[in-house]
Amino acid sequence: MQQVNQGGPGGISLGRAVCYVLGVLGVLPIVSLPGALVYCGWLGFVMFVVLVVVEVYTAVLLARSWLILELFWPREAHLHHRHPYPGLAEKAGGVVLRKIVSGLLNIAIFGAAIPFMLLASETMQQLVVSTTGWDLSFCYWLLVLTVALTPLLWFGTPKDLGVVTWVGGVSVVVVTGLTLASLFLDPPSSYKPPPEVPTWTSAAYCFGVIAFQFDIHPVILTVQMDMKQRHQLPLALIISFTVSGLLFLVVTGASFALYGSAVKANILNSFDHGPLLYVNMAIVCVQMLLCLVLGINALFQNLENCLNIPDASVFSLSGHCTEFGWRRVLVRTGVMALLLFMCESIPHFGVAIELVGGLLVTPFIFIFPPAFHISIKHKACGRIDVRDLVLAANIIVMGIVGCIAATSQSLIQVAQLSNFAPPCYINATAVSIAAREYQVNHYR
């Protein structure tokens, strides 16, 4: 049982793992979830509770699946410790499935970084305009933030990012408090009630947004690899999801009661300008970038493993010796350059989050975890619990239906927006104007 219970001697603690998960979940749900849930009416809250419970459950299934792999096949677990999700896929379905999952995983993590960069850049533009009057398009802020962020991404794994982990987790609590203060101190003059009966469009949009907001599945096994006590990851997941879920529900409930359908897709756009909003926007921008640092790390490790990149030692942010090398710098810088190009090409935060949530992350939440757990547990124990099988089947069907609905709706939005504004590298000014109109009018 030593292999199951113990990670590395310098691994991260339970508290730091909780903070890491909170940091990866980030403040994005605080600023974008209220608009999505309110747009869907009371059904949005039902969908929120159901989907979050399912996401916690499937994340725990991933953690348990890895513990089973370590217990029954320790050599295979050791071989796949740098790329654990594809390692589970290989044990569940063979080498071909591992390659498929590895490719999809890299695409999903990369795609999930796009909304974070877009929101951080849009928030930075609004903050600078409000405080200085200097209106620099968020298309240019994308470039500035990418250049500033890239050196931080040259470090290795979650255990090398101690300061980033704690700051990211604390920022979630601070932004929640500031947003609640703005909600109560700056209520609208009139109340617009949310829709009583949600439409198919609103339900599909809500599914995609919620799925994306709480999807940590592509990166959570990376955290488990760095934990001192790997069997404690399910507990860390339950604690972090409970804390974040309660925080987000409080903000969304207050938005529902005070603003109704007047709340914007980005809740910060619903408030009047002032010092409280400016501080909140600054923290949101910083936390979005830290969340990207924490989340995209698994992509870098997967790519470096595939490319057999050699390592050399340097001093890390947490004060420990970490792995480094010029090839790592080259690969991670290249990924960030590609991310910048994609953000400049599809500069629409709302559409990006819906498309990523519906198409890319759904398999890693609703399909792969229960399927892998059933297969690996059967190979280890020689039997399948009927209750687990029925539950897994229901979760997979839910994921498939939600994926089709959210993806089809987001593709319609992409088609509509293709004539609405060009990419940033064609006309940055037009994109900024279109983004403001989109924030005001989207789903309202």
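Heads up, the Cβ atoms here are built off N, Cα and C, so glycines get one too.
Going by TrEMBL, these are the annotated features:
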TRANSMEM  12-30  transmembrane segment
DOMAIN    30-411  domain 'Amino acid transporter transmembrane'
TRANSMEM  36-63  transmembrane segment
TRANSMEM  100-118  transmembrane segment
TRANSMEM  138-156  transmembrane segment
TRANSMEM  163-185  transmembrane segment
TRANSMEM  197-223  transmembrane segment
TRANSMEM  235-258  transmembrane segment
TRANSMEM  278-300  transmembrane segment
TRANSMEM  329-349  transmembrane segment
TRANSMEM  355-376  transmembrane segment
TRANSMEM  388-407  transmembrane segment
**Prompt:** Okay, the transmembrane segment (197-223) and the transmembrane segment (36-63): do they have at least three CB pairs under 8 Å, pairs separated by 6 or more?
**Reply:** yes
**Prompt:** When each of 12-30, 138-156, 197-223, 278-300 is checked against the transmembrane segment (235-258) for Cβ pairs under 8 Å, which one has the most?
**Reply:** 12-30
**Prompt:** Same-chain Cβ contacts of the transmembrane segment (278-300) under 8 Å, 6 or more residues past its ends?
**Reply:** 20, 23-28, 30-31, 85, 105-106, 109-110, 112-113, 116-117, 119-120, 123-124, 126-127, 130-131, 145, 149, 152-153, 156-158, 161, 164-165, 167-168, 171-172, 174-175, 178-179, 182, 216, 218-219, 221-222, 268, 328, 331-332, 335
**Item:** Top partner of the transmembrane segment (138-156) among 12-30, 329-349, 388-407 - counted as Cβ pairs under 8 Å
**Value:** 329-349
**Item:** Among the ranges 12-30, 100-118, 197-223, the one whose Cβ pairs under 8 Å to the transmembrane segment (329-349) are most numerous
**Value:** 100-118
